[in-house]
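Database features (TrEMBL):
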BINDING   3, 4, 5, 6, 7, 133, 134, 135, 136, 137, 138, 139, 140, 141  ATP binding site
BINDING   49, 54  substrate binding site
């Protein structure tokens, strides 16, 4: 199965998850993440604002704010296939962009340099235990990860874990994957 078909299949499976199951699994993942030293020690955390079928990061953002952490979210530039992270201090500083995603409004937020990020929560659709992932197909995170030197963690529902993924030379693994059932050290 090619990556495009794999993406379509997992999106269908994730979208079919009933809301109470989604909420419980997202909560279980969050609880495991909060217990990790990487989360506890991080002062500046970068993560995406989740879409409906992804592990809920809205709750992570709220929890980070309540615990005095700085939260940064990416603004993607489709022209250059690059990302810039911006400090997010309130949800009202987000704007809806392509594909219904929320990104920071650069006029209301402050850019943060990548070397300031203590922890990067890397999104994805499918994962393998070695830390490789299939993202959404834009290559933004693989490009970013090629020069990022900080801590990397991905969050995934257990159904997003596969034994083996097709890996390309430019694919960059994460260091840990937190699922609703386990923490995987890659």
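Heads up, the Cβ atoms here are built off N, Cα and C, so glycines get one too.
Location within the structure of each feature annotated in TrEMBL.
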| residue | record | Cβ contacts under 8 Å, 6 or more apart |
| --- | --- | --- |
| 3 | ATP binding site | 134, 137, 166 |
| 5 | ATP binding site | none |
| 7 | ATP binding site | 125, 126, 134, 136, 137 |
| 49 | substrate binding site | 57, 58, 61, 73, 94, 101, 102, 103 |
| 54 | substrate binding site | 14, 48, 123 |
| 138 | ATP binding site | 76, 78, 81 |
| 140 | ATP binding site | 74, 76, 81, 82, 83 |
Those binding-site residues listed as 134, 136, and which of them has the most Cβ atoms within 10 Å of its own Cβ
134
Three-state secondary structure, which DSSP defines for residue 140 (ATP binding site)
helix
